Amino acid sequence: MQADFWQKRWERDQIGFHLAEVNPYLQQYWPALGLAAQSRVLVPLCGKSLDLIWLADQGFEVLGIELAEKAVEDFFREHQLQPQISQHGVFKVYAHGPIELWCGDFFALTAEDTADCTALYDRAAMIALPSPMRQRYAAHLNGLLPNGSKGLLITMDYAQEQLDGPPFAVLDDEVRQRLGGVWQLQVETERDILGESWKFLQGGVTRLVERVYRLSKQGAAR
């Protein structure tokens, strides 16, 4: 999967993955993380998610990373915000108040860039990537945030052979293999959502589970 895949999806407005409301799991489970006010939250592959506004409204600073510039521009236009635009290395930065959206490749992000982030929110990043890229994504993510960081990860679990992604199937075993050496993982909830997902029903999927993980970075085992 190449970068232009997502660029074209945004240009053609093929964004069925975009939610027209704040994610209910975020609202339910984020407060229990107990983060300090004004903690900086890393949101990979953020799109124009309404979750960004919700996080800012709760008193957090938001660092969203998004490849498609159209998504970033749409976010600020739809919320009638006038961003300040600057350059940070290879990233074009759009900033307004507590929200910064960095337009560019997530894999160009460095630990120095995220040194002041102490939280992570991944609703649509890991499940957006095919398996080889997920391995690379997880390895890169593991090296970004400082120890003690907390966050939420939301995945979808189904038989990948029944339907092509995205969103891709990310099974519990994979999450634990990719992240478990660095992050403490706790399943907050898992829910069968097949009945709510016409695309998957129509595609012949027989089981679809949405799973929410609570993350706490403990550092690599020695």
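Sequential numbering from 1, following the chain as shown.
Yeah, the Cβs are placed from backbone N, Cα and C, and that goes for glycine too.
Here the Cβ of ARG123 (S-adenosyl-L-methionine binding site) has 24 other Cβ atoms within 10 Å, regardless of which shown protein chain they belong to. Residues or ranges marked as S-adenosyl-L-methionine binding site in Swiss-Prot: TRP10, LEU45, GLU66, ARG123.
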LEU45 (S-adenosyl-L-methionine binding site) - helix vs strand vs coil (DSSP): coil
Tertiary neighbours of LEU45 (S-adenosyl-L-methionine binding site) (same chain, Cβ under 8 Å, six or more apart): ILE65, GLU66, LEU67, PHE106, ASP122, ALA124, ALA125, ALA128
Assigned element (helix, strand, coil) containing ARG123 (S-adenosyl-L-methionine binding site), judged by DSSP: coil
